[in-house]
Structure formats: structure tokens, C-alpha cells
Amino acid sequence: MDRAKQQQALLLLPVCLALTFSLTAVVSSHWCEGTRRVVKPLCQDQPGGQHCIHFKRDNSSNGRMDNNSQAVLYIWELGDDKFIQRGFHVGLWQSCEESLNGEDEKCRSFRSVVPAEEQGVLWLSIGGEVLDIVLILTSAILLGSRVSCRSPGFHWLRVDALVAIFMVLAGLLGMVAHMMYTTIFQITVNLGPEDWKPQTWDYGWSYCLAWGSFALCLAVSVSAMSRFTAARLEFTEKQQAQNGSRHSQHSFLEPEASESIWKTGAAPCPAEQAFRNVSGHLPPGAPGKVSIC
């Protein structure tokens, strides 16, 4: 593989990496992660459980509770140890939350918790992410054909130009979609249902992958455009050099042709033969000498 093919293959690598990052971010549900403050359930159905409030009632005839039960009620009324922290993570499609035992997760659609007036913006964000993936995939296909095909020509330079345009569009669309999703999530945190609102949250690894894909898109776009510009200038210089060589060859042939014409033309007459006495062949009264060559 020559140097040009190696450079094209190296340019294809970050495109595939950006495509992988975008696909992983879209299908995953770790854009935002955090904890929710959830009220502990009573231990009536879970005797001996660790994540519930323990109490027992006195079965005496007067119906009053013993000292242990009163202590438990005192803790319940003050709110100490009343809540438990549950981890959750949210993506474009669903929101998942840990169960009480911490072994499995309970998921629901993220669209179901977004306020109704903001769901259109959520769909715009999802559409931007999908279009971002389509543009990156198109760029990967174009670069793959650029690497696999060996036919030279200026038309292949247009592939680099298209890749640069598609990748910068993908990066800009991805940036807008990421910012729209961030806005939607923050609005949902403030205006969403009470049984979903997180206490603490931060951005997850899916969000980092999405922005990593954005950075790769811009880097590939700049690299492809610089390659196109350099190749275009080189192609133009070669054309100018070829036109200059043809012009110099044409200018070199013109003096040779003129010289050959002079060599094959009539030789000048000697000075002593320039004038001849033709008086015998002229009518009376005409001059006696004429100049001929």
C-alpha cells in the first residue's frame, strides 16, 4: 500500500470511531446518571428487610404500642432514616432505576416523564442524533470506496470534499442535538413528575461518547478539507506545468520552421549581376539599364 492509501486508511479510522461512538450513545441509557431520594416502604411485606422501616404493634387488649414501637414511630415522624438513595440513569429512549434489593432495574420510557409541551423538542433531538449517524455512515462509505478503488483522477478529490462537508454537518447536527437533550433533561428535572425527580445527577459515559463523536467529526472534516486543498493545488500546478511545456515546445518549433524556409528560399543575386545592359531589347527612347534580380 502506497503512502496515499495509508493516509486515506488513517482518515477512515476516526470516521469509524465516530460512528461507533454515536451509535453506542444513541442506543444506551447512560446520558445522565444520579440518585433519587425514595421513601422506604414498611416491612410488613418484607420482614427482616434492610431497605424498609421496621415496626411491630402491640397485640395487647388496650391496643397501645410498646416502647420499641413508640421509638420506631418517633423515628418515622422525625424523618430520620426514612429515605433511601436509589441510583438511576437516563438516555434518549428510557429511564431506568434500581430496585429496592439492588439486583435488577425498573425502566420506563423517558418520553413518558418529559412534559407534554417539551416532547417535540425531544423528538427533534432524537432526529438530529439519527441524522448525525446517517451522515457519518455516508462519509465512511465514501472513504471506504476511496481506499478500495485504485483508479486515479481528479474526481476522487471530490470525495474528500464531500467527506469534509458531511462530517462538519454531522458534527454541527450532533452538537445541536446534544444541547437540546441537555435542555430537555434539565426542564424535566424541574417540571417532571415527583416520582421521577432526581436528587443529584451528573452526565454519564454515553454523553461523553456523544461529544467525543462530535470532536472526531470536526477533526476529520478539517483533515479532509486540508487534503482536498493540497491535492487541488498539486493538480493545478501539474496542469500549469504541462501547459507550459507544450507552449515552450511550440515556441521552439517556430524558429526552426522559419530557418528552414529561409534555407529553401531563393538566394540573393550577386552584386555584379544586379544590372544588365538590355538596351538591345528595349524600345527606342527607353532607359538603357534596368535593375533585375
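Each Cβ is built from the backbone N, Cα and C atoms, and glycine gets one as well.
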Q. Can you tell which of ASN67, ASN277 Swiss-Prot marks as N-linked glycosylation site?
A. ASN67
Q. Same topological domain, and so the same side of the membrane, for GLN6 and GLN199 in Swiss-Prot?
A. no
Q) What residue among ASN59, ASN243 has an entry for N-linked glycosylation site in Swiss-Prot? A) ASN59
Q) If you run through the topological domain 'Extracellular' (182-204) with DSSP, how many residues end up as helix, strand and coil? A) 10 helix, 4 strand, 9 coil
Q | the topological domain 'Extracellular' (30-120) [mean pLDDT, rounded to integer] | A | 72
Q) Going along the chain, which residues at least six beyond the ends of the transmembrane segment (161-181) come within the CB cut-off of under 8 Å? A) 11, 15, 18, 22, 31, 92, 121-122, 124-129, 131-132, 135-136, 138-139, 142-143, 207, 210-211, 213-215, 217-218, 220-222, 224-225, 228
Q) Who are the long-range neighbours of the transmembrane segment (9-29) in its own chain, taking Cβ under 8 Å and residues 6 or more past its ends? A) 1, 89-96, 107, 129-130, 132-133, 136-137, 139-140, 143-144, 147, 163, 167, 170, 174, 206-207, 209-210, 212-213, 216-217, 219-220, 223-224, 227
